[in-house]
C-alpha cells in the first residue's frame, strides 16, 4: 500500500466519470446518499433494485431511472454495490457477475465480501472501494451543506490502470474530497472496521452501558438514576471527545470525574479485557467471525434473531423510551421503537 495520504478536491477529477453511466445497487441509507450526491455532481446515475423493492418508487420519486439489478449493470460502466454484506454474494452471482463488461469499475463501500472471498470478480474489471466514514444521512447532509464526510479508498484490482483516479473521482462525486479521502486496502478496512464495531463502537459500548446500568439497579438505585448516569449522559461525553479528543472531554468535566477516570478506567479495561480484544481481532483476521456470520444467515439467523429480541426487551430500553418521551428536543424515529 502507498504511504498514507489525504486527497482533496484538487486531487480528484470528475472527468474520469463524466462519460460513464453509474449504477447504484441498493437505495438504502448509503445508496440514496451516493445516488443523489453523484447526480448533483453532474454525473449520470441510475439505480438497480430487485423487482418489488420498497425503495423502487422512492428512487423514482427522486427522479432516478430504476431498473432490475441485471439491467442496470448491463447499462453501466461503474457499478457500486450498496447492499447488506450478507446479501451481496447472492445478488452478485445472480444479477451482476455475468453482466459486467471488460473495463468496468466494480465498487464496494466495505471490503467484507472481497476480503473473505465471497465475491471473486473477473480479472478484466477494476475492483475499487469508497467507504464513507459516516452513515448515509450524514453523507447526504454534509454534501448539501457544501462539506463532505471523510472517506477511505482502496484499489483491489486495477485492470484499466486508472483505478485510483476513478476511485478518487467517485469520492469527489459524493463529497468525500471535501473532508478528505485516505488510501487503505480491502484487508485493512475490513478488519479494522469489524474490530471497531465489535470491540468498541457497538459490542463494547453496549455491554459497558448494560453492565453499569445493571450494577446500579442491583444495588437498589432507581431505573431513572441508572439510565441517566450510565446511558443518557454518554452522548454529551462522546460529543466532547468527537470535538476535541479525550483532552477536551477531561478539560470539560469536573476534577473529581477526571480523577475517577484515571483511577478506575484501567481497572475495568484491564489486561484480561485487552487479551480478549486480541482474541476478537484474531477471529476477524483468520475468518472465524465471517464464517460464523455467513453460517448464521444460511440457517435463518436463529441466534441473531433471538438475541435481538432479548436485547430489545431489556429494562433499560423501556426506561429509556419513557424518559426520552419527556425530552421534546430529541427527535426519535418511531420505526426504531
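Cβ atoms here come from the backbone N, Cα and C positions, even for glycine.
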Which of 111, 134, 136, 146 shares the NADP(+) site with 27, 28, 29, 30, 53, 55, 85, 86, 87, 88 per Swiss-Prot?
136
For the domain 'KARI C-terminal knotted' (185-330), how many residues does DSSP put in helix, in strand and in coil?
122 helix, 0 strand, 24 coil
Have a look at the binding-site residues (193, 229, 233) and report the one with the fewest Cβ neighbours inside 10 Å.
233
In Å, rounded, how far does the Cα of residue 110 (active site) sit from the Cα of residue 229 (Mg(2+) 2 binding site)?
35
Sequence gap of 6 or more, Cβ distance under 8 Å: name the residues on the same chain that satisfy this around residue 197 (Mg(2+) 1 binding site), in order along the sequence.
203
Quick one: Cα separation, residue 229 (Mg(2+) 2 binding site) versus residue 193 (Mg(2+) 1 binding site), in Å?
29
With H, G and I counted as helix, E and B as strand and the rest as coil, say where DSSP puts residue 110 (active site).
coil
Near the Cβ of residue 110 (active site), how many other Cβ atoms are there if near means within 10 Å?
21
